[in-house]
């Protein structure tokens, strides 16, 4: 795809404590590489990737294929950058909420991140995927899968255990979030309201019509 040659611009925000592996996770997703030497993110950064999303048609049949430009925002986890991070919440369509499977404290802090997210996101119930990263370090694990799944079930969101080092479930987690977003947009189109930051390319909503400009009712 050339610049501007896409149907949708979707912004995703990676959230979580400093050191949980947000930067390496996003780098694995966009470049399919692992770099353990990334330094701590200062403020906010982003990576980009073009993908094709195949919408589901009636009765589970294949629908139209949409070209999607993903912007994946990488946020600093330190407290001193929290006000800067929350300023980006309202522009994001979906959230990758991450913790470190080798850090119980990063898991406990998921609740704090959820509170901030719910208070600052574009709607009360945004699309979120919970991610337990560093699944490649089982000997150092401090958070068991049952704990994490119970928390995800409490919030009604999908949960994945991932590894930026091996690539385990990295694509699957992002693809699941994108699918949630696109399905929400389809529902919002039916109400003639979608977030005005979404459409960035040549076509309009999921039916190829001109997109409305209001934010989605969630």
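Cβ atoms here come from the backbone N, Cα and C positions, even for glycine.
Owing to the predicted nature of the structure, the values given are computational and were not obtained by experimental measurement.
Note on Swiss-Prot: of 20-28, 29-37, 38-46, 47-55, the range annotated with the feature motif 'Effector region' is 38-46. From the options 169-193, 194-218, the stretch Swiss-Prot describes as region 'Disordered' is 194-218. Within 10 Å of the Cβ of residue 16 (GTP binding site) there are 25 other Cβ atoms, across all protein chains. Within 10 Å of the C-beta of residue 134 (GTP binding site) there are 26 other C-beta atoms, taking all protein chains into account.
For residue 163 (GTP binding site), the number of other Cβ atoms no farther than 10 Å from its own Cβ, over all displayed protein chains, is 21.
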